[in-house]
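**Student:** Here it is, the structure, as structure tokens.
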Amino acid sequence: MTRFVLFLSCFFLIGMVVECKDGYLVGDDGCKMHCFTRPGHYCASECSRVKGKDGYCYAWLACYCYNMPNWAPIWNSATNRCRGRK
């Protein structure tokens, strides 16, 4: 029983330390990755390429990813550099 409690404690501790983020996937040009003309599985495969858990083509017609690692770039309106913006 104590091993089980220890296991659960470690599990929750790891879950609190490992943080993931959600957001729009960013291309090399700083713009959101568009998916309007792509196949249905395109966003999910692009999100998994950067170690995200899942993704889909959102209403803005851009790939939205879930549970991406902190090092993965996501689109942010404050740091938007799409089409030369700063």
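Counting starts with 1 at the first residue shown.
Cβ atoms here come from the backbone N, Cα and C positions, even for glycine.
So Swiss-Prot has the following annotated:
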- C31-C82: disulfide bond (DISULFID)
- C35-C57: disulfide bond (DISULFID)
- C43-C63: disulfide bond (DISULFID)
- C47-C65: disulfide bond (DISULFID)
- 21-83: domain 'LCN-type CS-alpha/beta' (DOMAIN)
- R83: arginine amide (MOD_RES)
- 1-20: signal peptide (SIGNAL)
**Student:** Over the domain 'LCN-type CS-alpha/beta' (21-83), what is the model's mean pLDDT?
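**Tutor:** Mean pLDDT across the domain 'LCN-type CS-alpha/beta' (21-83) comes out at 90.
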**Student:** Going by Cα-Cα distance, which of the recorded positions (C47, C63, R83) sits nearest to C31 (disulfide bond)?
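**Tutor:** Considering only the listed recorded positions, the nearest one is R83.
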**Student:** Out of the disulfide-bonded residues listed (C35, C43, C47, C57, C63, C65), which are within 10 Å of C82 (disulfide bond), Cα to Cα?
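**Tutor:** Checking each Cα against C82 (disulfide bond), there are no hits.
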**Student:** Using a 10 Å radius around each Cβ and all protein chains in view, which of these disulfide-bonded residues has the most neighbours: C31, C65?
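**Tutor:** Max Cβ neighbours within 10 Å, all protein chains included: C65.
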**Student:** If you run through the domain 'LCN-type CS-alpha/beta' (21-83) with DSSP, how many residues end up as helix, strand and coil?
**Tutor:** 10 helix, 20 strand, 33 coil
**Student:** Taking the Cα atoms as reference points, how far is R83 (arginine amide) from C35 (disulfide bond) in Å?
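**Tutor:** Each residue's Cα considered, R83 (arginine amide) and C35 (disulfide bond) end up 18 Å apart.
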**Student:** Whole-number Å only: compute the distance from the Cα of C63 (disulfide bond) to the Cα of C57 (disulfide bond).
**Tutor:** 5
**Student:** Whole-number answer please: how many Å between the C-alpha atoms of C35 (disulfide bond) and C43 (disulfide bond)?
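**Tutor:** Cα of C35 (disulfide bond) to Cα of C43 (disulfide bond) measures 7 Å after rounding.
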